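K.L.:
If you look up Swiss-Prot, you'll see GLY498, SER499, GLY500, LYS501, SER502, VAL503 marked as ATP binding site, on the strength of sequence analysis. The domain 'FtsK' annotation in Swiss-Prot covers 478-631. The annotation region 'Disordered' is assigned in Swiss-Prot to 1-27, 243-277. For 206-631, the entry in Swiss-Prot reads topological domain 'Cytoplasmic'. Taken from Swiss-Prot, the feature transmembrane segment covers 44-64, 95-115, 131-151, 185-205, and the record attributes it to sequence analysis.
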Amino acid sequence: MARPASPRSGSGKSAGARPAGARTEKPPFFSPATRAFVVARAREMAGFALGVVGLVLMVILGSYNPADPSWNAVPAADVHIHNLFGRFGAHLADVLIQSLGWAAYLLALVPMMWGWRLSLQKSVRHPLFRSVLAVWGVLMVAMFLAGMGTGSEDPLKSRPGGSFGGLLLDGVSRLLFGSPGNPLVGTVAGVAGGLILFVAMGLSIREWAASLRETAAGLARLGRGARTGLSFVRDKGAEAARSAARQTGGLLRREPSLATAEKTTAAPTLDDTPDEDGGAITLRAAPRGRLSDSISVEPRVEAKTRAVPVVTSPAGGKTKAADQGRPSKQAALNLEEADGYELPPLDLLQIVPTSVRGEKVDEAALRENAVKLEGVLSDFGVRGEVQKVHPGPVVTLYELEPAPGTKSSRVIGLADDIARSMSAVSVRVAVVPGRNVIGIELPNAKRETVLLRELLAGDVFDKTAGKLLLALGKDIGGQSVVADLARFPHLLVAGTTGSGKSVAINTMILSLLYRLPPDRCRFIMIDPKMLELSVYEGIPHLLTPVVTDPKKAVVALKWTVREMEDRYRNMSKLGVRNIEGYNARLREARADGELLTRRVQTGFDPDTGKPIFEEQPLDLKELPYIVVIVD
């Protein structure tokens with residue numbers, strides 16, 4: 001058997017052999033990330049150092065005093081040095097002020113700007129060239145300032161451009177115009193010097209604009225702070241004056257309280273400044289109802305021949321409660337009226353007129369529509385029979401039993417075609433769970449108006465055991481629907497403009513006002529639009545006036561969170577889980593004459609080291625429900 005040739009056989013070189021003279025590249029000492037980190041930190045340190053140099057130079061120039069010792073004056077031995085950096089600062093400031101005048105401050109501004117750029121991880125390109133430009137710019141600004149001198153003994157007033165600025169201005173003026181101190185030369189030099197310094201500092205136009213905006217914003221904040229301080233002092237002064245007037249015999253006028261009920265906790269004080277600690281409030285939408293939730297399920301009648309669709313008459317006085325809002329049977333609430341408060345009568349609401357109740361159901365027309373609907377479905381290849389018809393105030397439900405083998409998705413996909421063929425605006429098609437029928441909802445030619453009085457006067461609203469019962473309207477069968485808000489963690493009402501959100505909110509509010517007194521239910525209403533909830537201003541159920549300021553709304557919501565936490569703590573003291581159990585426990589203790597106490601540890605016995613417990617009485621009051629409404 002032949003052996004494979006070895007890769008080293010013969011004089012041939014291996015494929016991986018390195019050519020002669022090739023150098024091996026060594027890996028870098030620092031990785032790219034480490035190098036970038038070191039460069040960034042070095043740039044920040046350089047920027048900090050330049051900023052410190054510029055700041056020190058600015059302080060040296062700012063604390064300049066002509067009486068300090070300098071190289072051109074010999075002061076007394078015990079002279080006081082005013083410069084903050086001592087003798088060195090005095091000599092340096094004297095040299096710069098005497099040479100450049102006010103322009104010397106620009107020498108301190110340039111390194112400060114460079115340091116600011118480096119601290120922001122921005123490079124300063126061509127630093128040597130920019131340094132030369134900075135010197136030239138300072139000299140030209142000194143020329144401009146030299147033409148503004150006065151006859152004062154102060155060198156900054158007599159020679160604001162320093163000796164260098166005066167010499168340059170006079171020399172250039174004599175060279176161009178034959179006379180010293182020409183103002184045109186000084187003006188041109190000042191403009192050119194400003195442009196040169198603009199380039200020397202290394203700032204772009206965008207950065208200059210940003211710095212100007214930040215400066216303006218800082219000045220604006222200082223102005224607002226000053227105004228706030230002045231208004232605070234003014235308010236304190238006015239309050240002190242009012243207090244003094246009351247003490248000297250003025251009439252003591254009591255301001256109305258935000259909370260009108262005596263058995264409730266203190267209402268939130270809506271200050272302009274929100275608290276620091278706040279809680280987040282999570283809103284969860286109620287589950288979207290299915291078609292089956294509003295369809296009345298009746299026993300199916302078997303028939304071998306084609307059955308005439310059964311027309312179910314809409315409900316008259318009978319009503320039903322919504323499945324999701326129906327509470328289990330419980331003890332009736334003790335709805336004792338508050339002192340001086342009476343529940344509003346139904347006479348305040350509009351009586352349901354005959355024209356609004358709708359005309360009597362025309363069963364012949366409904367059967368005709370059922371036959372027409374079967375014909376439309378047959379045109380699209382769907383066979384089936386309409387078993388029942390449920391007319392309602394807004395829509396009419398047709399229960400279609402399709403022929404065996406018909407897919408539900410095929411019928412659901414024909415919704416738009418059914419609407420076109422039936423001359424309807426829209427059609428809703430869905431499967432009724434648990435039954436072999438498909439529900440087809442067609443809008444009525446005339447919509448029935450549902451009035452609140454009809455809902456509140458119904459048996460279900462009066463007899464259903466609920467804590468915060470809401471009248472929501474009618475279902476597709478014409479039966480009233482109520483729900484208990486206490487069973488919902490939150491209730492979110494959403495919809496487009498004109499869809500009835502405001503009507504729904506007002507209906508819910510009135511449902512609570514017609515059922516519960518202020519000592520059982522309190523409201524916090526937030527209406528930044530100042531349109532919908534302002535009509536409830538002044539009702540005794542309000543914990544606070546209707547909140548229209550968004551800042552005060554934040555305070556009100558934070559107060560609500562704190563009140564919720566306090567209630568949880570009080571419930572834990574009594575060992576109950578909800579407000580109803582808490583109030584029932586208090587009523588039971590009050591009826592039995594029992595004093596509610598809590599066993600707490602107050603310390604340890606010094607002799608035995610065992611804990612010492614005491615029974616502390618609990619001063620607890622019944623809690624009302626608090627409903628927060630945000631529009």
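Heads up, the Cβ atoms here are built off N, Cα and C, so glycines get one too.
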K.L.:
Comparing the binding-site residues GLY498, GLY500, which residue's C-beta has the most other C-beta atoms within 10 angstroms in this structure?
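P.N.:
Result of the Cβ crowding comparison: GLY500.
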K.L.:
Cβ under 8 Å, sequence separation of at least 6 from the ends of the transmembrane segment (131-151): give me the contacting residues as numbers and ranges.
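P.N.:
Distal contacts: 100-104, 106-107, 110, 157-162, 164-166, 168-169, 172, 181, 183, 185-187, 189-190, 192-197, 199-201.
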K.L.:
Please work out which residue of SER499, SER502 has the most C-beta neighbours within 10 angstroms of its C-beta, and give that one of the binding-site residues.
P.N.:
SER502
K.L.:
State the count of C-beta atoms found within 10 angstroms of the C-beta of LYS501 (ATP binding site), not counting that atom itself.
P.N.:
15
K.L.:
The domain 'FtsK' (478-631): mean pLDDT?
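P.N.:
A mean pLDDT of 86 is what the model gives the domain 'FtsK' (478-631).
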K.L.:
Near the Cβ of VAL503 (ATP binding site), how many other Cβ atoms are there if near means within 10 Å?
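P.N.:
VAL503 (ATP binding site): 13 neighbouring Cβ atoms within 10 Å.
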K.L.:
Determine which residues of the same chain, besides GLY498, SER499, GLY500, LYS501, SER502, VAL503, have their CB within 8 A of the center of the CB atoms at the recorded ATP site, and list them by sequence.
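P.N.:
Going along the sequence, the neighbours appear as GLY495, THR497, ALA504.
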